[in-house]
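Annotated features in Swiss-Prot:
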type     : residues : note
ACT_SITE : 48       : active site, proton acceptor
SITE     : 73       : site 'Transition state stabilizer'
SITE     : 87       : site 'Increases basicity of active site His'
BINDING  : 151, 177 : divalent metal cation binding site
C-alpha cells in the first residue's frame, strides 16, 4: 500500500488557492456532510471544541472517501498531542499560538521522526495503515503539511522569521486573537487589525510562503486573497447552522 498523497500540500506548493470550512462539532456525520460540498479542505478544531484524538480519528475517517483534505488543529503546540493526531492519520496540522521561531521549530520537531525530530515511532497505527505502508517512517514527512498560527501582535512582528523556519509549510493569521492583542477584542475587522493582517500576508507572499485565514467577513477575505492569502476558510459549521435556523424561523415568525 502506498503512502496517501496530501492534495492540500501539493496545491499550496503549486500556488493554488484552497477554500475551506471550520468544523467544530464532535460529529462524523456533520463532517461527512460537509465533505460532500466541494470545499478543498475542512479543519477540525480541537482547540476550541470539546473533542480529542478519538473524535479527530472519526473525522479523518469520515472525510477520507471524498476529494477534500482533513486538517486538524491540536489544542496546543504539544508534542504528545501532535503525535497522537499524526498516528491517527492526520497529514495536515494547524498549530495554534506559535509566538516565536523557536516555537515553530518545536512544532517541526514534533512532526518529524528522529534523528531530525522527536516524533515517537509506532509501526502499527492508522497513519501506517497498520503496517501496510512500506517505509512509512522514511517517507512520512513528504506528505505531512505543517501550518503554524500567528495570532498576536508580538508573533506578527516576527512573521518573516517564523515563516522562514525550515519545515513550516504555511502560516495562518488568526484575526480574532490578533484583534484582542491589538486591544480590539471582538473586532477582527478593525482597520488597524485589518492593516496588520494584510501587511502580514504581503510579507508571506514576498517570502513565497502560503498564508491562511478564517473569517466570515467577505471584505476582509477578499482583501486577504488579493494580498496573497492562499488557504482561506470562509465559514464555521456551527455558525452556518445557527444562521440558517434563525433565518428559517424568521420566515415563520
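Positions of Cβ are set from backbone N, Cα and C atoms, glycine also.
The C-beta environment of residue 177 (divalent metal cation binding site), restricted to residues of the same chain at least 6 apart in sequence and closer than 8 Å, consists of 97, 151, 152. When each of the recorded positions 48, 73 is scored by how many other Cβ atoms sit within 10 Å of its Cβ, 48 comes out lowest. A helical conformation is recorded for residue 87 (site 'Increases basicity of active site His') in the three-state DSSP classification. DSSP assigns residue 177 (divalent metal cation binding site) to a helix in the three-state reduction. Secondary structure at residue 73 (site 'Transition state stabilizer'), taken from DSSP and collapsed to helix, strand or coil, is strand. Separating the Cα atoms of residue 73 (site 'Transition state stabilizer') and residue 87 (site 'Increases basicity of active site His') is a whole-number distance of 14 Å. You'll find the Cα of residue 48 (active site, proton acceptor) roughly 21 Å from the Cα of residue 87 (site 'Increases basicity of active site His'). Cβ environment of residue 87 (site 'Increases basicity of active site His'): 122, 125, 126, 127 lie under 8 Å away, each six or more residues apart in the same chain. Cβ contacts within 10 Å of residue 151 (divalent metal cation binding site), excluding its own Cβ and spanning all protein chains shown: 20.
Residue 48 (active site, proton acceptor) falls within neither a helix nor a strand when secondary structure is assigned with DSSP, and so counts as coil.
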